[in-house]
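S.K.: Quick one: this structure, given as structure tokens, is what I'll be asking you about.
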Amino acid sequence: MTILKATHLTKKFGKFTALDGVNMEVNEGEVYGFIGPNGAGKSTTIRILLGMLKATQGEAKIFGKDVWSDAVDIHKRIAYVPGDVNLWPTLSGGEVIDLFMKMNGSTNYRKREELIERFNFDPTKKSRTYSKGNRQKVALIAAFASDADLFILDEPTSGLDPLMEHIFQECVLEAKRAGKSVLLSSHILSEVEKLCDRVGIIRQGKMIETGTLDELRHLTRTNLTIETKEPIPSLKERKGIHNIEKNDSALTFQVDTEEMDAVIRYISEFGILKLESAPPKLEDLFMRHYQGAEHSKSRVEGSL
Amino acid sequence: MGTQYFKGTKTLTRFIFRQQRFKILVWLISLTVITLSVAAAYPSIYKDEQSRQAASFTMDNPAMIAMLGPGYEIDEYVNSVGAMFANEMLLFTAIAVGIMSILLVGRTTRADEEDGRIEMIRALSVGRLSYASAAMIVIVSTNILLAVLIGVGLASLGIEGIGVEGSFLYGAILGATGLVFAALTAIFAQASETSRGTTMFSFMALIIAYLIRAIGDVSSEALSWLSPLGWTVRTGVFAGNDWWPVIVSFVFALVVGFVAFYLQSIRDLGSGFIAARKGRKNASAFLQTSLGLTFRLQRTNIIAWAIGLFLLSSSFGAILGDLEAYFADIEFMEAFIEAESDYSLTEQFLTLLMAIMSLISLIPAVMVILKLKGEETKNLTENFYSRAVSRTRVLGSHFFLAVVVSFIMQSLVALGLWSVSGSVMDEPLSFVTTFSSAYVYLPAIWVVVALTILLVGAVPKLTGVVWLYVVYCFVVVYLGDLLDFPVWMNNLSVFSYIPQIPIDDMNVMTMGVLTLIAIGLSVIGFTGYNKRDIAG
């Protein structure tokens, strides 16, 4: 079942086009990773989904309701964590958590206490005195203590220490196991790889890639390190082989996924002594899309 | 040692000046223009000795002394239009200069520190006191510039009775008073951990200085000496031309400023000498409502204004007794003031007082609404709007709170005047008269509150405009008659439509129309707020 569906979202600020026809679909029980460089339009998209900005064109629906006109209704079942949590300096962390939970309509105090414990958080201090990580905890505790069906998390772990980051990941997986959906915008690719079922990549206001991690991996290259009995002539000329590096007797290069079969057949003729294959990391994919526009454009077209 | 403390001060001075130049420019221009245009108007208001003599009688009474400071000898008024000008304008201009200094110093010290900007600067190769020194250099230069601008300006008007020495003294005492409050703000910036606390303490100091001077000027000269504003009004500008208050103020500012610097040098960055309290573990049921949160965030501010207004109106109440006795003594005074036999002079004075006090209670009501815009700028509204809270409810809470605040403030104004004056007057003001003369201003306050809603809701970029309008209303009430504004200029101020009870009759029609205008403006504001993008 589709929980969140955005079709052709466009947002203009004056002459500047922040979003240009963004499509997005998040299904029930799914963790959707939303990645892209700074200023690509991630937060703008999320603010539209939250009904704070009005899309210039296109529409977005959450739980089948319009994100702008039914915002309040939708938000009863949503929990949002921004990347930069701003709190009222004179209120204590505990007060803010209660306030946030109340504004969502949920009052699960047992869960609240449990999370405060897990995140090792002191709720009696005034918000002014909290560090960035601690402010982030306020929003995370309020979000995971709520009974939301969709979690919208905009770079939620910025400022958290590795231990807390781990607890955050547990919380996301627990939510997923409970059948909830998560929209996770993040820069920490290992986190996205670990948590997300599907990924969407946005650049300069456009969605340039969507799919499961496996699907996306398909579009990229595998790293191979080989050693052969006989030297391989004219490897360079073979189709689908890139970035050859020679270390002593070993050769390291990248292979386009669709050429893998042909390449392996070819090199096996030279007597393989050693073969190491590393799956493509999301980072490789990411880098391909992040690098200069022209560069990546040709490659995307090439691989599709 | 010099390097450790002061390296980079010159660069930072330029940096701070660049950031604040627009504010500084607006303050300097408005203060100079208002001072010079009022001064230029005086010779035509008081053309001959007779009119000056008449006016001098109205000056020399306890109410005026409490409001404006001790008057001059009658022959000084008669001889010099300058004395008249200084008596009416000096104290309030000095307060405006004080406000300028408080806001500028508060911003460039504690506010910059609270927002983490000073941390970035201190991480560079600059001295520990460089930023504070730079801020002080900017504020001292601003006040000196102001003194020179006003001194030269007044002197060059060439008005008889406004001499060169007096003009420069007038400018100098304004600048010196500004420095006193700049130095006090610098101290509070060390004591308090927040910029809000800093400005709050500073404004409290300003109000207390005013009240001590008011009570002192009426009853005990020695008491006035305790207040920096008491020094300000003891210069005898354009008559005796005493320079010692300038020197006293300057030395005081120097000593206080030095203490502030010392405190700054021994404390940790980000800390204050008054430690922040611990908070509660859980939110109370009231805080969890939209209105509760709105109130809680502004609680301290509202309470401070409530106390300030109550003190101000009580102190005016306290002098009404003296005023009454004074009016009784000099019966022939009535020849000079509009002789409306039905109403006592105290009651006539009450109407002016109420107009001014209502404008002051307008300020906290407008601030309640503007807080919402401030929250948006600080990305705090996303905390509501990402949750199940509607925009109408949030704006509605602010609107409701503003209306309640306006009602509370006007009640306190009336209560202060009525209760205190009752104990000192022979013929006390009636409860009904006092309260209705205060409540009658509510519709006007609501119109301005609604205007603020409209700006925040529909044209958020222009919210600051509402302060211009408030200042305009002040100018019309305070100087409208004096400068003989054309009718249309007075009519631009919504406060001009309010019947002056008890002299005018209650006008239900006007009240109704103003309330309807307020509702209309609010509806536009609410509609706009529901349609526009929320920045954060």
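Backbone N, Cα and C atoms are what each Cβ position is placed from, and that goes for glycine too.
TrEMBL lists these features:
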TRANSMEM  B:24-42  transmembrane segment
TRANSMEM  B:89-108  transmembrane segment
TRANSMEM  B:129-155  transmembrane segment
TRANSMEM  B:167-189  transmembrane segment
TRANSMEM  B:201-223  transmembrane segment
TRANSMEM  B:243-263  transmembrane segment
TRANSMEM  B:302-321  transmembrane segment
TRANSMEM  B:349-370  transmembrane segment
TRANSMEM  B:399-418  transmembrane segment
TRANSMEM  B:438-459  transmembrane segment
TRANSMEM  B:466-488  transmembrane segment
TRANSMEM  B:508-529  transmembrane segment
S.K.: So if I exclude everything within five residues of the ends of the transmembrane segment (B:167-189), which remaining residues of that chain have a CB under 8 angstroms from its CBs? That is, six or more out.
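M.R.: Same-chain contacts beyond the ends: 31, 86, 90, 93-94, 97-102, 104-106, 109-110, 113, 132, 136, 139-140, 142-144, 146-155, 197-199, 201-202, 205-206, 228-229, 231-232, 235, 237-238, 241, 243, 245-246, 249-250, 252-254, 256-257, 259-261, 263.
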S.K.: Within this structure, do the transmembrane segment (B:243-263) and the transmembrane segment (B:438-459) have 3 or more Cβ pairs under 8 angstroms, counting pairs 6 or more apart in sequence?
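M.R.: Contact between the transmembrane segment (B:243-263) and the transmembrane segment (B:438-459): absent, because fewer than 3 Cβ pairs are under 8 Å.
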S.K.: For the transmembrane segment (B:508-529), find every same-chain residue at least 6 residues outside the stretch whose CB is under 8 Å from a CB in it, and list them.
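M.R.: Here the qualifying positions are 391-392, 395-396, 399, 440, 443-444, 446-447, 449-451, 453-459, 494, 497-499.
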S.K.: Out of B:129-155, B:243-263, B:466-488, which stretch has the largest tally of CB pairs under 8 angstroms to the transmembrane segment (B:349-370)?
M.R.: B:466-488
